[in-house]
């Protein structure tokens, strides 16, 4: 199958949450963002009577997961769709004991997909998780959006303080050439930045903003939260792993708005990765896990 690129984040913490409500019969775990199957594989390995539903829109990644999880084929079913679409179409003939959504982008997309997710690779700007779905690409955005649209996008979705500098540089560059690749865009951004050292690459926030916009990440999350809650069984848990403050704020505010006598927030503060996990899994540095339990049928 080739190398597995993605190490599941906060895996031990997810397992600990499952442990608090595990039932030996009929327990169903829904992995809304299956990826290469890391969380699901750990759950299936530890609990012999758990059944898993794995949801993954990218059919290339889904096939990699199926190969990795082949030994559990009798206890896992797959859905090749977006997680919000799955729950919109799902009929409530049964509810689920545990729903997990890891909102991070798979390492496969950064390292192999060739769609311009990473500024460390010289790839055509795209950033669509599933290009055949159509929709706007990062290439379209940086080459066609006007000044105000670009500034708002980069500032609001990336939290980029230097959004105006960056947009000015983008507009100047595209007077002469189209911005074709991720490395090309990264160079434009870096030249626009002040000549001082920063903790992160100057392109990080702009690339985040483009990816969020292209894949409708925040609105998809907002649509999904009430669907996830509605599909939990009594004492079921919804666990969500976020990777930036915009996602985390949406989840935090949604949980706070739930009726206290019907739901119990299990994470007064989000769970973050341990020092040890940060050492072997760099992707876990910004991960935050929030979880809520449903108290009624």
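Yeah, the Cβs are placed from backbone N, Cα and C, and that goes for glycine too.
Taking a C-beta cut-off of under 8 angstroms and a sequence separation of 6 or more, residue 87 (S-adenosyl-L-methionine binding site) has the following same-chain neighbours: 224, 227, 228, 230, 231. A helical conformation is recorded for residue 87 (S-adenosyl-L-methionine binding site) in the three-state DSSP classification. Look at Swiss-Prot and you will find 37, 38, 39, 56, 87, 102, 109 tagged as S-adenosyl-L-methionine binding site.
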Binding-site residues compared (37, 38) - highest count of Cβ atoms within 10 Å: 37
Nonlocal neighbours by CB distance (under 8 Å) for residue 39 (S-adenosyl-L-methionine binding site), same chain, sequence gap 6 or more: 8, 11, 14, 31, 100, 102
